[in-house]
Amino acid sequence: MIGVAVLGSTGSIGLSTLDVLGRHPERFQVVALTANRNAELLAEQCRCYRPAVAAMADPAAARRLQSLLAGMSGAPEVLAGIEGLEQVAALPQAPYVMAAIVGAAGLRPSLAAARAGKRVLLANKEALVMAGALFMDAVAESGAELLPIDSEHNAIFQCLPTGFRAGLAQVGVAQILLTASGGPFRDWSVEQIAAVTPEQACAHPVWSMGRKISVDSATLMNKGLEVIEACWLFGTGPERVTVVVHPQSTVHSLVQYKDGSVLAEMGNPDMRTPIAHALAWPERFDSGVAPLDLVALGRLDFQAPDPGRFPCLRLAFEAARAGDSAPLVLNASNEVAVAAFLEGRVGFPGIARVVEETLASSPAQAVVGQDLAFLIDLDRRARATAEQLIATGSV
Ligand SMILES: NC(=O)c1ccc[n+]([C@@H]2O[C@H](COP(=O)([O-])OP(=O)(O)OC[C@H]3O[C@@H](n4cnc5c(N)ncnc54)[C@H](OP(=O)(O)O)[C@@H]3O)[C@@H](O)[C@H]2O)c1
């Protein structure tokens, strides 16, 4: 039995992970579950999966969880706060950790899992965007196994030879081709995009996801964050990463080799496939996903992204090329801008403007070799700048 800790178990990736784990009870034991505020759902999951530990980032929610579980035989130990999440990520009984907290809030727990030498199933892409050097150093030093959960990066991982960490050029890779569904506004005009509502932005045509990543998918910032994530995961620069819009989301990404060969990973768009892949790797087992029916699908379309209508993708490529603190500032200002958009405080095009203005007013800082406290302080300052831009209505 392999012990698994699921960080962010009440979210979209968390639920898919529990679904896959539930299909293999002879192989996995759920050791710990975490959430932020959703004590009701976490209590339900505790009754179903009977973990030894449950943690909530919000201390009041942790108290509510404790009272919801009162009287349960074999109730889990309840931990609270960011330290509780870090403790869960490093539990010796859980050699596998699903890192599925959304946003910068996932950095400390994801890093704790990496430092503890776990098999880290990384969905929390923001951790790599914010602290790629620190995170990859922690993986190398502890001997952790880093397996990507983003369907695109999982696809690339599957299409690369095992020795890819020696360098992509050494293994003959010419380009990484990241596919993007294009989001719900792929074919909308600039005028239509200007009037997008939060409900429209959260209704993704193909993938069912949390609200933050749904908005990121609609702005194409999600693809931009994934470009930066790919650079860290596969040890390359952005010049070797190309984004291709593929509305059917059937080809999850591709690797183009120097000899002209292009390897793709395909399947139905369901996150249980990359989750099952990373749990079973290097073996394969059932994920619950229906087999792909190519004849029913009929066709696969590809087109170039339009950075004019979707400036977030351009901003992310610029941040990736600039390096230093730019990706961290991009991520922090985007999180602030997306939250403001969901609360009706900025319009949809305002998200890109907040990010662009925050980047322009944040002096570049070298981040390689810096510690977590330094990065968290930079993140805090970028958030304050973004909040001020929104509050003064200057975007
Ligand atoms: N959804 C997808 O299909 C998908 C695909 C690829 C990658 N990802 C990545 O996976 C991550 C999770 O995405 P998601 O769509 O599953 O998000 P989600 O549905 O919004 O779930 C987020 C999870 O994180 C918890 N959480 C939120 N804020 C937190 C905080 N401050 N401290 C601790 N925990 C917190 C939530 O708990 P509560 O329920 O209590 O709020 C929930 O369990 C993101 O980084 C995303 O980019 C997602």
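FYI, residue positions are counted from 1 along the chain as it appears here.
Cβ coordinates come from backbone N, Cα and C, glycine included.
A TrEMBL annotation is a machine prediction, not a hand-curated record.
TrEMBL lists Thr10, Gly11, Ser12, Ile13, Arg37, Asn38, Asn124, Glu126, Gly210 with the feature NADPH binding site. Ser12 (NADPH binding site): 19 other CB atoms within 10 A of its CB, across all protein chains. Look at Ser12 (NADPH binding site): DSSP puts it in a helix.
Annotation comment: TrEMBL describes Lys125, Ser151, Glu152, Ser181, His204, Ser217, Asn222, Lys223, Glu226 as 1-deoxy-D-xylulose 5-phosphate binding site. Counting only same-chain residues at least 6 apart in sequence, those with a Cβ under 8 Å from the Cβ of His204 (1-deoxy-D-xylulose 5-phosphate binding site) are Ser181, Gly183, Pro184, Ser214, Ser217, Ala218.
Residues or ranges marked as Mn(2+) binding site by TrEMBL: Asp150, Glu152, Glu226. Of all Cβ atoms in the protein chains displayed, 27 besides its own lie within 10 Å of the Cβ of Asp150 (Mn(2+) binding site).
Sequence annotations record features per position, and here TrEMBL assigns domain '1-deoxy-D-xylulose 5-phosphate reductoisomerase N-terminal' to 4-132. If you take every residue in the domain '1-deoxy-D-xylulose 5-phosphate reductoisomerase N-terminal' (4-132) and average the pLDDT, you get 98.
Annotated domain '1-deoxy-D-xylulose 5-phosphate reductoisomerase C-terminal' per TrEMBL: 146-234, in sequence order.
Per-class residue totals from DSSP over the domain 'DXP reductoisomerase C-terminal' (266-384), listed helix then strand then coil: 68 helix, 2 strand, 49 coil. Per TrEMBL, the feature domain 'DXP reductoisomerase C-terminal' maps to 266-384.
Listed in sequence order, the residues Lys125, Pro148, Ser151, His153, Asn154, Leu178, Asn222, Lys223, Glu229, Ala230, Ser253 complete the 8 Å Cβ shell around the Mn(2+) site centroid, once Asp150, Glu152, Glu226 themselves are left out.
Note on proximity: among Lys125, Glu152, Glu226, the binding-site residues of the record, the Cα nearest Gly210 (NADPH binding site) is that of Lys125. DSSP assigns His204 (1-deoxy-D-xylulose 5-phosphate binding site) to coil, not to a helix or a strand. Geometry remark: Thr10 (NADPH binding site) versus Glu152 (1-deoxy-D-xylulose 5-phosphate binding site), CA distance 23 Å. Considering other CB atoms within 10 Å as the measure, the emptiest surroundings among the binding-site residues Thr10, Asn124, Asn222 are those of Thr10.
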